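Enquirer: Have a look at this one.
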């Protein structure tokens, strides 16, 4: 490996998608707008309603924030590239994009595991839930996930900066990701691949293990619930979470543990769409809008907004009527005079 960054490449060309650019632009733009609207809406809803001031929704608000950052690190450049004849990104811009992608991606993976543990405590130890998950502990868990994501991104970014890129500069992807960048380096990338495999393997294994153990205990608890309604409610929460976890971890594992080859890059682009573009859009729906408390809170908030709007409109109509009536009286008085 080179002792420092002696790269002669000053920019990369993101090959992205070969056809249907206009159609893909409209699809990804709609997905991105839905992602921003859905996740921002969830953050506002959770932060402004006292009924949702419990650890579960505290984590959900941070997951929504993470999805906004995660999607925003990829999608804007993807959209601009679909409209450009030549999708170019500078060397520093490419490294920066990869760094933030790694931060947000790793943090979200860890946050998913934390949320699984939160569900375990809530379902298996309901009487000790608020004692075991006070606000201070929740904040520490979230801060720890951000710190772990930043550390992981720093390790991989530092490894990339030590490589030399002598050309070609054609990245067969729609954003700057580790596997396609390693294929372009003229340095020995063995250490980078090993570090990537170890870090991704450790984070994935520990997170998935925490999720599996948490949900195994949850399923055992659900099995012993006598009430069919309670069993259905708990099982519904588990399936929605596990569905999103499978989508995120499955697509990420396919990319990082698939053999490094040009054919794998083409398949990696398809897998990357799911966990960089689609998953952030789906999370507000599969995590939150299927939740009965969130639905009822959203319904109350919408009714309150509609009531305020109707009251404001009624007040405006009364004011206009009063002005009209006052004008009519004035005209009659003038006529009598």
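Heads up, the Cβ atoms here are built off N, Cα and C, so glycines get one too.
Unlike curated records, TrEMBL annotations are generated automatically.
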Enquirer: Name the residue range among 170-189, 270-289, 290-309 that TrEMBL annotates as transmembrane segment.
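Expert: Checked against TrEMBL: transmembrane segment maps to 270-289.
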Enquirer: Ranking 95-117, 129-148, 194-222, 270-289 by Cβ pairs under 8 Å to the transmembrane segment (57-75), which is first?
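Expert: It is 95-117 that shares the most Cβ pairs under 8 Å with the transmembrane segment (57-75).
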Enquirer: With the transmembrane segment (129-148) as the reference, which stretch in 95-117, 194-222, 270-289 has the largest tally of C-beta pairs below 8 Å?
Expert: 95-117
Enquirer: By Cβ distance under 8 Å, which residues at least 6 away from the ends of the transmembrane segment (95-117) in the same chain are close to it?
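Expert: The answer is 56, 59-60, 62-63, 66-67, 69-70, 73-74, 77, 89, 141-142, 144-146, 148-150, 152-154, 156-157, 160-161, 175-178, 181, 203-204, 206-208, 210-211, 214-215, 241, 244-245, 248-249, 252, 275-276.
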Enquirer: Calculate the per-residue pLDDT averaged over the domain 'G-protein coupled receptors family 1 profile' (38-287) and state the result as an integer.
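Expert: That region's mean pLDDT is 85.
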